[in-house]
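What follows is a single structure, written as structure tokens, with notes after it.
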């Protein structure tokens with residue numbers, strides 16, 4: 001008798017099935033809320049046109065005059081940032097830290113051509129109220145820490161489900177890439193046609209889904225914390241520009257001095273920005289006043305895709321005292337920054353938004369075809385009808401080759417540690433599978449006779 005064939009395929013199929021069926025609802029929510037969030041640039045322009053945009057033209061008013069107008073209109077806060085957008089039709093943003101707003105800020109919008117205040121909004125890290133609301137909807141469904149679990153669970157499984165599907169489909173097509181990329185249009189209606197569309201479209205989306213999953217995990221609660229620890233251990237965080245007091249600053253920056261720190265001299269904003277521009281910072285810039293007397297101003301670019309240089313400008317606004325260029329960031333920090341901006345749809349503007357929209361719609365379509373396959377696989381013969389399809393055969397782990405066990409078990413344990421919600425949910429899947437298997441075994445045992453009846457028994461003869 002020949003030895004049974006050992007393969008990772010059956011286990012991969014069963015894992016893909018369970019993960020697809022049980023995690024897909026979370027992926028649907030993430031895709032729909034992500035699709036809404038990616039439209040925020042257009043929604044902001046429509047909803048907050050008065051605050052964000054200006055019809056003015058001609059010479060601009062001095063920046064100090066613009067900020068003074070904002071301070072006069074909103075004297076209750078402290079200026080924490082001044083944002084100069086790159087567009088000629090965009091208003092200057094003066095961001096105030098207000099104690100009563102907590103982590104939020106009061107952002108005042110000033111027409112740069114007239115120095116007239118156009119309005120104000122409560123913002124979160126520069127995001128408008130609508131942008132923030134949709135961001136929180138995508139992140140935690142406005143449910144707080146509990147809601148965060150849904151998005152991290154979805155991101156933890158997305159790349160695994162996608163990778164498993166790619167492997168299964170390429171194995172099925174025996175490496176024929178063209179056949180894998182294009183569904184069989186001549187296939188009969190049913191599971192085969194649904195599988196072709198599900199798998200081929202998934203293959204086209206796979207790379208984008210991997211990126212979305214990875215970038216989403218970087219700022220998740222538990223996996224994100226582990227990623228941050230690894231980033232710190234590898235010195236892969238973005239370097240910070242030094243704003244320390246200059247040697248000739250007269251000791252104004254000593255922390256032991258008595259009295260409260262004096263507010264920055266906002267009349268120096270124009271020479272500060274001019275110095276930063278002369279140092280090569282173009283596009284949108286964010287100016288942060290000195291945190292303490294004698295320390296430097298900070299001027300940073302916020303011009304995707306690669307304009308993220310930062311300079312420190314002396315308290316008098318005349319010279320650059322330190323700078324950190326994006327080109328000098330560690331590779332891991334660069335990838336993290338670019339990945340987050342790509343995930344948010346702001347790295348490459350409209351093309352980035354269109355790609356994310358296509359990925360979200362594509363993922364929803366793949367999930368639809370997956371559930372359709374599950375429904376089509378249900379038993380339909382007389383006496384065996386069922387509302388759902390059958391799952392792949394159990395005990396697939398017994399067919400694993402030795403190398404897969406030796407490599408796979410430590411790898412899964414490591415992934416479970418790095419991605420805690422993946423590890424916990426995988427244990428949940430396994431326990432559920434064991435319970436279902438035990439219940440099915442008891443049902444079969446209850447139906448089967450306790451012992452076979454001999455063919456030559458009296459009762460059997462009486463039936464003949």
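Residue numbering: from 1, along the chain as shown.
Every residue gets a Cβ built from N, Cα and C, even glycine.
In TrEMBL, the feature transmembrane segment is placed on 354-374, out of the ranges 354-374, 417-437, 438-458. Looking at 241-261, 262-282, 283-303, the stretch flagged in TrEMBL as region 'Disordered' turns out to be 241-261. Contact between the transmembrane segment (12-38) and the transmembrane segment (354-374) is supported: at least 3 Cβ pairs lie under 8 Å, counting only residues 6 or more apart in sequence. Tertiary proximity for the transmembrane segment (196-219) is limited to same-chain residues at least six positions away from its ends with a CB under 8 Å from its CB atoms, namely 151-152, 154-156, 158-159, 162-163, 165-166, 168-170, 172, 180-184, 187, 227, 336, 339-340, 342-343, 355-356, 359, 362-363, 365-366, 369-370, 372-373, 419. Beyond the transmembrane segment (149-170), the same-chain residues lying 6 or more positions past its ends with a Cβ under 8 Å from any Cβ of the stretch are 9, 12-13, 15-16, 19-20, 23, 26-27, 29-30, 138-141, 177, 180, 199-200, 202-203, 205-206, 209-210, 212-214, 216-217, 220-224, 419, 421-422, 425.
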